[in-house]
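As annotated by TrEMBL, ATP binding site applies to G13, G15, K16, T17, T18, R109, K148. Summarising the annotation, TrEMBL assigns region 'NMPbind' to 33-56. Annotated region 'LID' per TrEMBL: 108-118, in sequence order.
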Amino acid sequence: MLLPNILLTGTPGVGKTTLGKELASRSGLTYINVGDLAREGQLYDGYDEEYDCPILDEDRVVDELENQMSEGGVIVDYHGCDFFPERWFHIVFVLKTDNSILYKRLENRGYNEKKLKDNVQCEIFQVLHEEALASYKEEIVHQLPSNKPEDLEDNINQILKWIEQWVKDHSS
């Protein structure tokens, strides 16, 4: 059976991982957190002192995921999306969170002041929504609110319905 590939993107702290893991457990799709994948495989290309984090080796990440993505049925979770091949994804969800909520979430993660400010600004200016629109066909890019537990449940149900319909439309 053919299964779709889904990209979950958005500023750090918007709830991609929570949504991705829950969606995978309810849909049977495979969940991949690109940050974890990079950590496990040491897929880095240096270190960013300013942001106090390693720099992702995007080419190696793409090579690492290529086979799985061509088989289908994968949920990819990452805060960037412009380096993934366009052919990989059937739908892209950009999660969006109110700035005050996002600020608190990132503060709880122990982000330093610069990282906090930059990520909240990134959200204010909808940087990742713009990046998704620039990287994929507009009709497959959708924004989802991610502020409260009810949003999570609504988003899961909405995406599960979409998967079901996609599978119906693509079964021979």
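Glycine is treated like the rest: Cβ placed from N, Cα and C.
Sequence-distant neighbours of the region 'NMPbind' (33-56) (same chain, 6+ residues past either end, Cβ-Cβ under 8 Å): 17, 20, 64-65, 76-78, 80, 112, 114-115, 118. The number of other CB atoms found within 10 A of the CB of R109 (ATP binding site), across every protein chain shown, is 12. Contacts of K16 (ATP binding site) defined by a Cβ separation under 8 A and a same-chain sequence distance of 6+ are given as L8, T9, G10, D77, Y78, H79, L95, in order along the sequence. Cβ-based neighbour count (10 Å, all protein chains) for G13 (ATP binding site) stands at 25.
When the binding-site residues G15, T17, T18, K148 are compared by the number of other CB atoms within 10 angstroms of each CB, K148 has the fewest. This prediction places the mean pLDDT of the region 'LID' (108-118) at 93. Across the residues the record lists as binding ATP (G13, G15, K16, T17, T18, R109, K148), the two Cα atoms farthest apart are 18 Å from each other.
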